[in-house]
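Heads up: the structure comes next, in structure tokens.
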Amino acid sequence: MGGSAPPDSSWRGSLKVSYNVGPGFTGNFSTQKVKMHIHSTNEVTRIYNVIGTLRGAVEPDRYVILGGHRDSWVFGGIDPQSGAAVVHETVRSFGTLKKEGWRPRRTILFASWDAEEFGLLGSTEWAEDNSRLLQERGVAYINADSSIEGNYTLRVDCTPLMYSLVYNLTKELKSPDEGFEGKSLYESWTKKSPSPEFSGMPRISKLGSGNDFEVFFQRLGIASGRARYTKNWETNKFSGYPLYHSVYETYELVEKFYDPMFKYHLTVAQVRGGMVFELANSIVLPFDCRDYAVVLRKYADKIYNISMKHPQEMKTYSLSFDSLFSAVKNFTEIASKFSERLQDFDKSNPILLRMMNDQLMFLERAFIDPLGLPDRPFYRHVIYAPSSHNKYAGESFPGIYDALFDIESKVDPSKAWGDVKRQISVAAFTVQAAAETLSEVA
């Protein structure tokens, strides 16, 4: 093989060859290719989800879900067992509270999914089986896959409804990072991973796909989020982490290289567990619809700027984003008024409290289009969806974005720009309809 020499003598065998690690080959073999024959066996196998329930004391028909998968390709030292360990410890912590007489206000469901690596099968089948219940009762889903993919700083992907919850929670937790002793997790996170849009705040990314939150967020419209420790993406630009899904992804890898003291696991457990606790126990749901208004404006500006790369076509086909900007403006105003009412209403009135919480809970559902995205019926969230070109990454206003993508090479320009116009209408209608769900009840 070509490439560099092995890093250690233990990698060398007894043959009279170089034992280089690649890539490619040397000498007479440099132009040759290796042909592999792969023989796979397809069979139907039973899978098992494990669901634990901690019944709520006041609103047992409102569900907060903490879920992660336990199946792995090989040993799964990081993916998924670093996440499964956090779920187990979180369950144990809540169990200790229950033994002391405590119960959450709302019901907490703890889920261990099977067959995630085979296409998110466990979580998807369970959510489909229980879709009617979840649509009526699901408050939030917190994903608990791998707790670490590095040991540099926190990484959070979530709905904008959870931004304030995450900010407030991380301000109360101690940072595990070296050089930040005595400082909060929020401070180290902001310093190491600043938001590119909001000065003085940490980066929170959009939810994409490739994990068990997909069916809850993208299909059912249940507010979702996830947190883990990550690497420095500025210096480590490769995707994933070394040894991902390999036979070398073991407990020893975590213990010796990633988290010898398990302090990052503890921090992730505190973030995930803290989010579940607040979502299940707060009298008023810790969702802030104003944060949604802010990002909607940002996303509308972004997609408009993309479309303006084609000014002549915009004019020719009478394309306008006025309806979308108007809907975003209305959403912003109504969200602001709703937040004012949220501060002043009588929280001792159980009917009024339930009504306000329901408006918050169902806001994410309001962004769901039952028809789904064009050619992607299982993705129904109008504001967020996995990128058509990278399933793991999230895209905003995906219907418009996909319609605009590579539009100059479309065979029928009139039809292509008609599709863009149609998706603008869908987005504008959805944002306006979502705004109306926050209006004061007559």
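Including glycine, each Cβ sits where the backbone N, Cα and C put it.
Swiss-Prot names Asp79, Asp145 as Zn(2+) 1 ligands; from the candidate set His69, His88, the record adds His69 to that same site. Summary of the site annotation: Swiss-Prot records Zn(2+) 2 binding at Asp79, Glu117. Screening the candidates His37, His245, His265 against this entry identifies His245 as the one listed for that site. Comparing CA positions across the recorded positions Asn28, Asp79, Asn330, the one lying closest to His245 (Zn(2+) 2 binding site) turns out to be Asp79. In the three-state DSSP classification, Gly210 (substrate binding site) falls within coil. Counted over every protein chain shown, other Cβ atoms within 10 Å are most numerous around Glu116 among the recorded positions Glu116, Glu117, Glu125, Asp358. Taking CA atoms as the reference points, Asn168 (N-linked glycosylation site) and Asp358 (active site, charge relay system) are 22 Å apart. Sequence-distant neighbours of Asn305 (N-linked glycosylation site) (same chain, six or more apart, CB under 8 Å from its CB) are absent.
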